[in-house]
Amino acid sequence: MNKTVAVRTLDPENLGQGGVQKEEIPSADISDQVPGTESETKILLQGTPVAQMTEDAIDGERLKHLIVTGSGCGEQNMIAMTHTVIAVHYLDHTEQWDKFSLEKRQEALELIKKGYTQQLAFKQPNSAYAAFLNRAPSTWLTAYVVKVFSLAVNLIAIDSQVLCGAVKWLIMEKQKPDGVFQEDAPVIHQEMIGGQRNSVEKERALTAFVLIALQEAREICEEQVNSLAASINKSRDFLAANYMNLQRPYSVAIAAYAWAQQDKLRGAFLNKFLSKAKEKNRWEEPGQRLYNVEASSYALLALLLLRDFDSVPPVVRWLNEQRYYGGGYGSTQATFMGFQALAQYQTDVPDHKDLNMVVSIQLPSRSSPVKHRIVWDSASLLRSEETKENQGFSLTAQGKGQGTLSVVTTYFAKVKGKVTCKKFDLRVNIKTAPETVKKPQDAKSTMILGHCTRYLGDEDATMSILDISMMTGFVPDTDDLNLLSTGVDRYISKYELNKAFSNKNTLIIYLDKISHSREECLAFKVHQYFNVGLIQPGAVKVYSYYNLEETCTQFYHPEKEDGMLSKLCHKEMCRCAEENCFMQQLDEKITLNDRLDKACEPGLDYVYKTKLVQVERADDFDEYLMVVENTIKSGSDEVQAGQPAPFISHIKCRDALKLKDGKHYLMWGLSSDPVGEKPNTSYIIGKDTWVEFWPEKEECQDEENQKHCEDLGAFAESMVVFGCPN
């Protein structure tokens, strides 16, 4: 897993002393690390406020992820188009195309043209927009089309009648006499509306949103829409009458920007706006990171219009620090508004060419500090250092300008407790198909895979993905999938079948929505085309396309109710634990010679008398912490008497082992059982591990235990004194 250790703003002139900024970075808390595995810490440096998401989107692997050809319904197409428009807008305003290429700018413009053309397919006769032509038009979506098209008008040719027709519909059909804009047909993809999704102060926030869109289209449409100026004034007056009663920082920020566009944000209104800023750098609602990015971006735009350049830098720094490791802001509105605000900032405050900073990193594992110079020309370059040591370190920054430091530690974490599903409930089952079901001639067997899922939010989930890995040797029936995707009921949007690197197929199913009020179930046949010795389980994962944290995974297998994977993993190597559970030795007929023969077999590594002192239950394995009380035969790991040693066993072996806290056990195992580097060695309990109860001294007084205790004592003495005969 990845754990963010620290995100710091580097600004020596403002945050340092005497022009030198010192930062102490702690070590990561990796107390849940899998024993014997390594960790890696990455230290990332970058100039501010150059945006990593934009660069990744235009140049590199994230091109396909963030800048895509528009597709889907009228809402999905706008979601796809948003990133491309804002990326080009940002790079144009910051004059950074020389760092990419004009060819790539042209490619991005072609994508915008395609998105624009496809959006026109959802323009209704009244010039409004909805997800589908037969659906009632949406106020918010139509206003958002106006907003995006107004920004894109400087990039591609956009018909002013298309843009202004939407403006006219908003005014004539959706504005009340008091200036309020009403929504009668909310969008299906609620996640695309950002902070507007909150039901508190929804009417006022929507009115501010539409008002901003109208003002951004004013220069284009004022001559075509005679009532535009009057409409803007009515909405402005409505917000003025209600502004002092607003409570949400989001509502305060978006309304403030709408007011600042008309140079009306003054006096008590300005004080109200500034008072909602937490620590003078963000307009924040607890637990709503993306809403906060969006709201703070509106606030930054308002501050820029006010020319309040003393208040601007802290907001820019906070926005920049919200970039998480590996990607951008992560939502339609947060991304769009974030980069619109940052682009405007770099246009209005063009002082970044003064960026010239030296960062010195002192890692404990290195004798001399590592130095990086960050200058304007290479501000976008992501500089990184890596270390295998999980230790705190110090850093100093000197010079002019701003930068961002991110520290992330990657390590293998134990899966503790039951895996929880976030926002989705998922049930999976697989059963043998009835004899009457037709199967391909060369199929060995046919089964039916079914899964039912429900979204646990307050509204239906919009576009969601089912990621299904097939069991070994099985493939899905494409005829069934085609019926599901093209039939009269059309249960799924589309599907993709990919051959994975292993011998297992992966099926991706796209769903337009998942109900929050009832389970939605799908089933299709899967065929086994070749037999394998051990059928490994498959998995079904459901997740939200626009919020990857909302997810649930369940395993399936024809012979296992929960489909749990029976394996133990260390680094990239996994050991199959299927049918490898060791039965604790309870046979009273075991003799001294039996133990000597077994303990001296080739490949046997260690023989210990141990005491179980602690048990940790994880999701797929148990960890038994044993204290080695007597090293009857030293192993390659060189454990000393009195030293603790963790033994790991698959959860399915728990009942077979029957180990009890505080009890003693005779244990031995193969040389391949210890894993990990000293002193973090762990031991795998497999089918060749010997585990035998060793009674306590008082228990040895009982007649039934006397012979057992004598044999164990004689065994230990013989091994210590004489060793193995071979």
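Using N, Cα and C of the backbone, Cβ positions are placed for all residues, glycine too.
Its Cβ taken as reference, Cys653 (disulfide bond) is surrounded by 21 other Cβ atoms within 10 Å in the chains shown. According to Swiss-Prot, the disulfide bond annotation covers Cys581-Cys653 (among others), on the basis of similarity to another entry.
Of all the Cβ atoms in the protein chains shown, 15 others lie within 10 Å of the Cβ of Cys724 (disulfide bond). Annotation note: Cys724 (disulfide bond) sits in a coil segment as assigned by DSSP. The disulfide bond feature in Swiss-Prot is assigned to Cys600-Cys724 (among others); the stated evidence is similarity to another entry.
Under the heading domain 'NTR', Swiss-Prot lists 581-724, citing sequence analysis as support.
According to Swiss-Prot, the feature N-linked glycosylation site maps to Asn2 (among others). Counting every protein chain shown, the Cβ of Asn2 (N-linked glycosylation site) has 12 other Cβ atoms within 10 Å.
Under the three-state DSSP scheme, Asn233 (N-linked glycosylation site) falls in the helix class. When other Cβ atoms within 10 Å of the Cβ of Asn233 (N-linked glycosylation site) are tallied across all protein chains shown, the result is 12. Look at Swiss-Prot and you will find Asn233 (among others) tagged as N-linked glycosylation site, backed by sequence analysis.
Look at Swiss-Prot and you will find Asn680 (among others) tagged as N-linked glycosylation site.
Per Swiss-Prot, the feature phosphoserine maps to Ser31 (among others). In sequence order, no residues are near Ser31 (phosphoserine), counting only same-chain partners six or more apart with C-beta under 8 A.
Sequence annotations record features per position, and here Swiss-Prot assigns phosphoserine to Ser384 (among others). In the three-state DSSP scheme, Ser384 (phosphoserine) is classed as strand.
Residues annotated as phosphoserine in Swiss-Prot, with similarity to another entry given as evidence: Ser636 (among others). When secondary structure is read from DSSP and collapsed to three states, Ser636 (phosphoserine) falls in the coil class.
Feature annotation from Swiss-Prot assigns region 'Interaction with CFP/properdin' to 697-722; the stated evidence is similarity to another entry.
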Exercise for the section: Measure from the CA atom of Asn2 (N-linked glycosylation site) to the CA atom of Asn233 (N-linked glycosylation site) and give the result in Å, rounded to a whole number. Expected result: 50
Handout entry: DSSP-derived structure type at Cys600 (disulfide bond), helix or strand or else coil
Key = coil
Practice task
Provide the number of Cβ atoms within 10 Å of the Cβ of Ser636 (phosphoserine), excluding the reference atom itself.
Solution key: 10
Exercise for the section: Pick the one among the recorded positions Ser384, Cys600 whose Cβ has the fewest other Cβ atoms within 10 Å in this structure. Expected result: Ser384
Completion exercise
For Cys724 (disulfide bond) and Cys653 (disulfide bond), the CA-to-CA distance in whole Å is 30
Completion exercise
Whole-number Å distance separating the Cα atoms of Asn2 (N-linked glycosylation site) and Ser384 (phosphoserine) is 16
